[in-house]
Each structure stands twice: as structure tokens, then as C-alpha cells.
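A.B. asks: Got a structure for you, questions after.
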Amino acid sequence: MARFSVFALLAVPWLLLAGLVSGDAVSDLEKKGRPAIDAMLAKSKTCTKANLKVRREWGDISAAEKKSYIAALLCLMEKPSKLNPTQFPGAKTRYEDFVVVHMQQTMSIHNTGSFLSWHRYYLWAFEQALVKECNYNGSHPSPIFDGSDTSLSGNGKKIDHRSSGIAPAGNGGGCVETGPFKNMTVRLGPVSPAVDPAPPRNPRSDGYGLNTRCLRRDISNYLTSRYARTQDIAALITNSRDVLTFQNVMQGAGGGFGGAGAGIGVHAAGHFTIAGDPGGDFYTSPNDPAFWVHHGMIDRTWTIWQSQDTNTRIQTIAGGTSMMSFGGGGRQQSLDDNVDLGIVGDKVYKIRDLNSIVDGPFCYVYE
């Protein structure tokens, strides 16, 4: 019996917010590629039907399963950090250990050859922490942002504020005051805030100092109704003939989460739909619980793209080693390059291990 796993697919709930639910082209592509993944599963020596996990969309699981996932998130937010308190005084909880790792490696995991594989491992490591440290054994779970006890809390309180620069100001901008994370405390960062009014500056220039404040959001459907529709995700999958095109189009953010002159891709659209603080800061964005479900959708989209031609797309890589090498400049990354999550990872893996869907450390599918 397959066990259900975390990471909801945010694209569908956001399409509901945008009133765009007519198409299912992405699911059709997923079904088209599933036999190829099943064939890989049949050959795998580490991933079997007995230990296979299934990641489902938030709206497809029960209220009890949603609450179980939320409880696991809150559990990680209560467990003490394993990091050196002198080096990282702003990291007080185990959850914040994951934020620090993302902050440390931000410049080498965005617009680089390892963007997709690094985040696939990062999601998996977070899932493992929920399972092993907080006894989580459920699914990732709608509505995601309605402020109910089965949501990831609601929008921020409506305050006077200005645009982030990528999307117009929404109807929030202030502290989140509803749902399970209404009392959540943010301590790390900011490093690169994209919110007005700006959060207080961190006492340390690297952003690791203790900087206590509330979780803020400014959710709107401006970006998702234009750049993260079903047809946009389907076009990303079907029109990208190589991985460099796929990841560059996905990450495009007009100079924010992507490169200068890039368009708005589904990756950036998701982050700036959440917006606020820390959601709008690409160093500290994992500090908003919505980060994990958004990147679940990013991983799902990559998985579907890989499944359309597994013979050539599973073990392929393109891109440099630094965010400043957008478009492939600098030293090119290799499948033999290592990915190390430090204190939140179980071991160091080569990118080739993390490119796999049902091999290496992974054993999951999306439905």
C-alpha cells in the first residue's frame, strides 16, 4: 500500500483563486509520462511499490490529513535548532535550520545547474525531518489560504503598502492573523526583502542575527492569473526541448528570481504570489510554510517534464555554479558535482543521484 507524502501542488489551488479551472493539460501530460516512471520503478533496486510514497494535491486529502501535516510543521517550529547559536543566533528552531541552509546556498542554487536537483533534495530532506523528528505519516494536503484550521493560514492584514516591484500591491501586506500560523515568529533575515514597508534590518549583515517579527503576506492572483495558469505550466513542459530552456523559463522573474530581462516564470510567480516577509525574500523564503508546497509543484512540473523522455532527461544537466552565471556562464556544473545540505541533509549526494525520480534517495510519485 503506497504511503501518502507531503508537498501539495499549489498551482491548482491558485488557479481556483484566479478562477481558471477549465484546463487539465498538465495532468494529461502527467498521465502520458507515468508509464515511463512505472518502468523505472519496476527496475529500481531501492524503490518498490511497498515503500513508494504518493504526493497529492492539498485539496485531495482529508481535513484530518491536513491537520496532521500542519501539526508536523508546528512541531519542527518548536524543536530546538541544531546549529551553533553563536554563528546563527537567529536560528532558534529546527525549522529555522532549513532556512539557514537555504540562505547559505542561495547564490549557488538559483539559476544554476543544480537548481532543480538541489531543491528536490531539499524538499525530500524537509519531508524526512517531518517524518523522523515529528512522527508525521500523512499527506501534503482546499483552500490553502482561507485562514481556517485546515489551511496554511490566510493573507496578511490589509495595510497601506506599495508594490514589490514585480506585482502590484495586494489586499494584505501586514501580519498573518488567521489560521494555524497566525502567531508564527520570523527571526532570520531579511537579506533581500521585496516588501514595503520593509522589515527591520537584521543586526548582522549576513542576515543570521536575531530579528524577531511577524509573518507577513500580500497574496493576490495578479501573477498566477497571468503567468502560472494551466496553459503556462503545460507550455513550459511541452515547449522546453532541453533542460537549460526548461529551468531558465521556469525561473524567469524579470531580474528577481531569474535573470536580467527574463520573463515571469512559474517559479517566480509562485514566490511573489505569496510575497510579504519572508516570502518575498529569495534567501529566507523557506521561512514561510507556503514555500514547501510551492516547491512541491515545481518538483512535480520537473518530474512531468522528465517523464516525457526519460532516456534523455533523467541524467541531463545544464548551467553554471553561480547565480551570476545565468544563462550558462562560468564553470558548467556536472552530474558528478556534490549537493550538501549540511545539518539538514542525511548525506552528500551527487547531482546524478538527485536527478532520479524513483532511485537514489527518493521513492515517490505525484498524483
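Even glycines carry a Cβ here, placed using N, Cα and C.
Sharing the record's features from TrEMBL:
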SIGNAL    1-23  signal peptide
DOMAIN    110-127  domain 'Tyrosinase copper-binding'
DOMAIN    288-299  domain 'Tyrosinase copper-binding'
A.B. asks: Are there residues at least 6 beyond the ends of the domain 'Tyrosinase copper-binding' (110-127) whose Cβ is under 8 Å from a Cβ of it, and what are they?
C.D. replies: 5-7, 98, 101-102, 243, 247-248, 251, 257-259, 282, 292, 295-296, 298-299, 302, 317-323, 325-327, 332-334, 337, 339, 341, 344-346, 349, 351, 354-355, 361-362
A.B. asks: Count up the helix, strand and coil residues in the domain 'Tyrosinase copper-binding' (110-127) according to DSSP, in that order.
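C.D. replies: In the domain 'Tyrosinase copper-binding' (110-127), the DSSP-based counts are 13 helix, 0 strand, 5 coil.
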A.B. asks: For the domain 'Tyrosinase copper-binding' (288-299), DSSP counts of helix, strand and coil?
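C.D. replies: Across the domain 'Tyrosinase copper-binding' (288-299), DSSP assigns the residues as follows: 10 helix, 0 strand, 2 coil.
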